[in-house]
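Novice: According to TrEMBL, the protein carries these features:
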type     : residues                                                                        : note
BINDING  : Asp14, His15, Gly71, Ser72, Gly73, Ile74, Gly75, Asn104, Arg114, Arg137, Arg141 : D-ribulose 5-phosphate binding site
ACT_SITE : Cys70                                                                           : active site, proton acceptor
ACT_SITE : His103                                                                          : active site, proton donor
Amino acid sequence: MSKSLTKSIIIASDHAGFLMKEKVKIFLNKSKIKSLDLGTFSEERVDYPDYAKKLSILVKKKTSFGILICGSGIGVSIAANRFKKVRAAVCYNQISASLARKHNNANVLCLGARLIHFKNVKKIINTFISTKFEGGRHTARVKKLDK
C-alpha cells in the first residue's frame, strides 16, 4: 500500500454493499488503517440515504475520509453530496480515484459493490487515500461547492 494520508477511515454501506464493506474493513486493518463502521451490519434491506447521512455528518466534523458502498455507488454519492464540506465521488478505477482527489479534493469514496471486483477495490482505495489534492486552480472551484 502507498503512504496513506489518513490513519482512520469512516465506512458505511447499505445492504447491497455490506459484504464488500466487510472485506474493505479487513483490507484497511491489514494496511494499519483504523476504520469506524457505521453500518449496516447485515444484508437485511435498508435505505442508503440513512447511512450516507451518518457518514457525511462525521466526515464533515472530523475532516477525515469516508468510504460509502452501495450496489452502484451512485445512490450513496448523491445522498452524501447533499452535505456541505462533503465531496463524494463514485470511482470505478484508479484513474477516477486519483482525479477525484487531485482535482476535486474528494473526501468520500463511493463504490459500487455490484460493479467492481474486490481486487480492483483495493487498488482504488489505495489510490484514493494516498493521492493529495493539487490545489492551485482547483481550490477556487472546490470552494464554490460549499456556497
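Every residue gets a Cβ built from N, Cα and C, even glycine.
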Novice: Highest Cβ count within 10 Å among the binding-site residues Gly71, Gly73, Gly75: which residue is it?
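Specialist: Sorting the candidates by Cβ neighbours within 10 Å, the top entry is Gly73.
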Novice: Among the recorded positions His103, Arg114, Arg141, which residue has the largest number of other Cβ atoms within 10 Å of its own Cβ?
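Specialist: The largest 10 Å Cβ neighbour count belongs to His103.
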Novice: How many angstrom lie between the most widely spaced Cα atoms of the D-ribulose 5-phosphate binders Asp14, His15, Gly71, Ser72, Gly73, Ile74, Gly75, Asn104, Arg114, Arg137, Arg141?
Specialist: 39
Novice: Can you count the other CB atoms that lie within 10 A of the CB of Asp14 (D-ribulose 5-phosphate binding site)?
Specialist: 26
Novice: So of all those recorded positions, Asp14, His103, Arg114, Arg141, which one's Cα sits nearest to Cys70 (active site, proton acceptor)?
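Specialist: Going through Asp14, His103, Arg114, Arg141 one by one, the closest to Cys70 (active site, proton acceptor) is Asp14.
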Novice: Around the residue listed as 'active site, proton acceptor', how many other CB atoms lie within 10 A of its CB?
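Specialist: A count of 28.
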Novice: Would you mind reading off the Cα separation of Gly75 (D-ribulose 5-phosphate binding site) from His103 (active site, proton donor), to the nearest angstrom?
Specialist: 22
Novice: Quick one: of the binding-site residues Asp14, Gly71, Gly73, Arg114, Arg141, which has its CA closest to the CA of the residue listed as 'active site, proton donor'?
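Specialist: Checked the binding-site residues Asp14, Gly71, Gly73, Arg114, Arg141; minimum Cα distance to the residue listed as 'active site, proton donor' goes to Arg141.
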Novice: So, three-state DSSP: helix, strand or coil for Gly73 (D-ribulose 5-phosphate binding site)?
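Specialist: Its secondary structure by DSSP: coil.
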